[in-house]
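J.: Handing you a structure now.
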Ligand SMILES: CC(C)(COP(=O)(O)OP(=O)(O)OC[C@H]1O[C@@H](n2cnc3c(N)ncnc32)[C@H](O)[C@@H]1OP(=O)(O)O)[C@@H](O)C(=O)NCCC(=O)NCCSC(=O)C[C@H](O)C(=O)O
Ligand SMILES: [Mg+2]
């Protein structure tokens with residue numbers, strides 16, 4: 001499954017051995033080993049060692065490594081680990097400038113976290129960077145920096161979330177939605193997944209085993225959606241065979257972009273099933 005079709009990306013604190021073991025079995029489309037905010041300063045070294053051991057194992061999915069930000073005391077050693085252990089990608093927190101991606105060694109794809117006001121404003125330049133594979137929204141840090149009030153509908157953050165999607169999509173990169181902190185609120189989690197999907201995010205970052213399958217469902221393609229896409233394509237083929245340039249399906253206009261979208265839906269459906 002390519003990163004274009006990651007529905008769930010599971011954060012795992014790299015100092016939590018049990019979580020590292022468990023993460024291999026949970027069905028997330030990708031796993032993100034965290035050396036940053038989920039790991040206390042005095043545990044960074046242990047976390048690095050455990051991340052190295054985890055990356056040496058065979059995983060059923062791609063594994064990303066979130067390093068500490070440039071300018072922190074841990075950044076260089078985190079990068080050395082990344083160079084040696086070769087994760088499938090490196091996640092850089094609190095990116096505010098594309099220049100921060102330039103000096104990074106290695107050849108792994110970079111995932112830039114957009115979680116500060118400046119990061120949001122510069123998201124287009126960051127997404128345009130050649131090594132950026134995608135943008136990840138970080139609403140815990142962003143909400144704090146913006147001094148927003150908590151809002152179950154994320155209204156104070158909608159502009160920023162859409163900016164992340166817009167910047168990533170403009171440059172053909174993958175936008176991943178932020179985490180939902182309440183791991184015991186399945187309804188709220190699903191609601192936020194649906195909102196993220198409506199906004200254009202490709203998938204969601206998650207923090208707990210209970211969030212993996214719901215994210216896979218909400219960002220995946222249902223049997224009914226696949227059937228709908230097939231029927232639209234059939235209506236299109238029929239119209240084209242009759243020499244018409246446009247078609248209607250269920251009473252609505254169908255043009256080439258709807259056909260492209262239906263093909264994308266079916267490709268995602270096939271990849272998710274496999
Ligand atoms: C949120 C948690 C601290 C909850 O922990 P806990 O209450 O201990 O969970 P449970 O007892 O329900 O756990 C049940 C079992 O599941 C395993 N587990 C828990 N979380 C994970 C995980 N992320 N990956 C794999 N396995 C996990 C437990 O070990 C239990 O296993 P078992 O012993 O077999 O029963 C905790 O879930 C957690 O630490 N989550 C990750 C937190 C994290 O990574 N935070 C950093 C990213 S969030 C962020 O801030 C993004 C961004 O930067 C921003 O600014 O927004
Ligand atoms: Mg953060």
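Cβ atoms here come from the backbone N, Cα and C positions, even for glycine.
In TrEMBL, annotation is done automatically, which means it is predicted and not curated.
I grabbed these lines from TrEMBL:
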type	residues	note
DOMAIN	7-209	domain 'HpcH/HpaI aldolase/citrate lyase'
BINDING	66, 115	substrate binding site
BINDING	115, 141	Mg(2+) binding site
J.: Of the binding-site residues 66, 115, 141, which ones put their CB under 6 Å from ligand 1?
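T.: By the Cβ criterion, which requires under 6 Å to ligand 1, the hits are 115, 141.
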J.: Of all the binding-site residues given, 115, 141, which residue's CB has the most CB neighbours within 10 A?
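T.: Top count of Cβ atoms within 10 Å goes to 115.
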J.: Mean pLDDT, the domain 'HpcH/HpaI aldolase/citrate lyase' (7-209)?
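T.: 97, rounded to a whole number.
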J.: Let me know how many other Cβ atoms fall within 10 Å of the Cβ of residue 66 (substrate binding site).
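T.: Other Cβ atoms within 10 Å of residue 66 (substrate binding site): 27.
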J.: Of 66, 115, 141, the binding-site residues listed, which put a C-beta under 6 Å from ligand 2? Please answer none if none do.
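T.: Result: 115, 141.
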J.: Write down the Cα-Cα distance for residue 141 (Mg(2+) binding site) and residue 115 (substrate binding site), rounded and given in Å.
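T.: With the alpha carbons as reference points, the distance is 6 Å.
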